[in-house]
Amino acid sequence: MHRTHHCAQLTTSQLGATVSLLGWVDTIRDQGGIIFVDLRDRKGITQIQLEPHENAKLAEQVKQLKPESVIGITGKVVRRPAGTENPALPTGEVEVVASSLEIHNISDTPPFPLDDAGGDKVNEDLRLTYRYLDLRRPKMRKNLQVRHRAAKSIRDYFDAQEFIEVETPALFKSTPEGAREYLVPSRIHPGQFYALSQSPQQFKQILMVAGVEKYFQIARCFRDEDLRADRQMEFTQVDVEASFVTREDIYALFEGMLKKVWKDVLDVDIPTPFPRMAFHDAMNRYGVDKPDVRFALELADFSELFKNSAFKVFQSTVAGGGVVKALNAKGLADLTQGELKSMEDTAKSLGAKGLAFIKVEGGEWKSPIVKFFTEPEKAELTKRLNIEEGDIIFFAAAPWEKACAILGRLRLESAAFLQKRGKLTIRHDDWQFLWVIDFPLMTYDEAENRYVATHHPFTAPVPDDTQYLDSDPKKVRGQHYDVVLNGMELGGGSIRIHQPVLQKKVFEDVLKIPQDVVESRFGYMLKAFTYGAPPHGGIAFGLDRMVALLCGTTSIRDVIAFPKTQKGQDLMAQSPTPVTPRQLKDLHIQTVMPE
């Protein structure tokens, strides 16, 4: 049988036409001997009318039909009787009276409902075990369509900007200073290993040396890391690099791409240019370097106010070089003991010894620490935090970054509690993009007693700060930038180091990587830079994460056709699996199980 139409195409304009449709049985209804089948394909649903009493062959076939069976029908398009139309369907004014039925496959009874409401109530592991059924649900089909449209929009945009798509190797060399890698043993080079590429970073920079000038790729990347709702061991990254560009060029390029994607996929016009916020400002105000600016609840610094405080915890923290910061969670004085305990546990998990707070109830400030506050201190707190009846004020006294992180997390939890009480509305489609810039180039690692690259070692320093590379690396800002949307990092990039002398200095003098290690891991790259490397920069962002936002889901597993679980398993194909002794022997490796 040859399909003449998709199920969603039939309207009153086809009345009287003979059509052939192919698809899955969505539902079956017997109404007084007349059988109605909702036939579904990837485009939509059409109602089919079967009259088995007029056709013996049809009668036998109808007896076999079960939901999710695959069939083909040929019949005439007719108008539905008055009063039986279905306005919820594009095809709701018509039905097809079948003259013939072809059964391609009879389905077993699915282990869970394949409608959105029923499927959403099912344990995710069951859905992933039967992923081929889960993907039949309307929501999941829509997610895959959104993903396709987003990827096409991205390709069209970069093609119009004269970028070329270049594939880079998935099999790379191990660079163990980053995230954990997936190692691939070499059969023909015993004892040696490839690593699955975590990012095309080095290859795309080499392409700039090669004169490509404008490169992009929708690349598969692999990282052996702990999995969360927004992480997968294999993921898709949109990777971009260009020569002879500044940060401003990258901002404009990427904003243009996002503007096109949001318009093409959602028909939403997002305003550009995006606001910009320095890293230090983001941490000070929101307690995180990827702030959700859809709601207020900003942090405030009171270190100067409390440097001579009678409350010794505050006074000693400031004297020791730390800070005292506060957050007014407006309207949350009604937090329960359980909710407060949860927030205290959060603070402790981030290094706090406890959680100091003040509730404002019945016109009083209620807290054991209030007795230490002078009237001028209370007046300053009231003025700057706009303290009112029903508020609760949280404090953090700690080194700057820790204090910011503690209150930043409590800010998000406060917003969640406010939403739960109906006191705050945060729309998922309130698209608040911004750039976070001026990150520190280096971060000091106390455990290793050395500086490490805040992002990666190829980021160029801000030219005015290069003078501090030797004397005070923590003062050096990197030419790095992150694009943030509603509290989620969409992507990040930087202007790169392109001078071999400076790159070698960063590796050896600042990061303290031994010279022989630099040569073995990055020697080819440094060599390439000696042959006329142009100034260059770029950006990369997770396609999975962006599509999840476009679809309004919190898990990227919902927008990947065949994702792994949070334990890194493919429940459908049942991987990973053991391999045979012969396979291990061929690869010159053996397994040693943990005790």
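Cβ atoms are placed via backbone N, Cα and C, with glycine included.
Checking Swiss-Prot for region 'Aspartate' across the ranges 117-120, 121-124, 177-180, 201-204 points to 201-204. Same-site candidate for ATP binding, as annotated by Swiss-Prot with R223, D224, E225, Q232, G542, L543, D544, R545, chosen from E165, E167, E489: E489. Each of the binding-site residues H455, R496 was scored by how many other Cβ atoms lie within 10 Å of its Cβ, and the smallest score goes to H455. In terms of DSSP secondary structure, the region 'Aspartate' (201-204) contains 4 helix, 0 strand, 0 coil.
L543 (ATP binding site) sits 46 Å from G83 (site 'Important for tRNA non-discrimination'), taking the Cα positions as reference. Comment: ATP site residues R223, D224, E225, Q232, E489, G542, L543, D544, R545; largest CA to CA distance 20 Å, whole number. Applying an 8 A CB threshold to same-chain residues 6+ apart, the list for E225 (ATP binding site) reads A179, R180, R231, M233. R496 (L-aspartate binding site) sits 20 Å from E489 (ATP binding site), taking the C-alpha atoms as the reference points.
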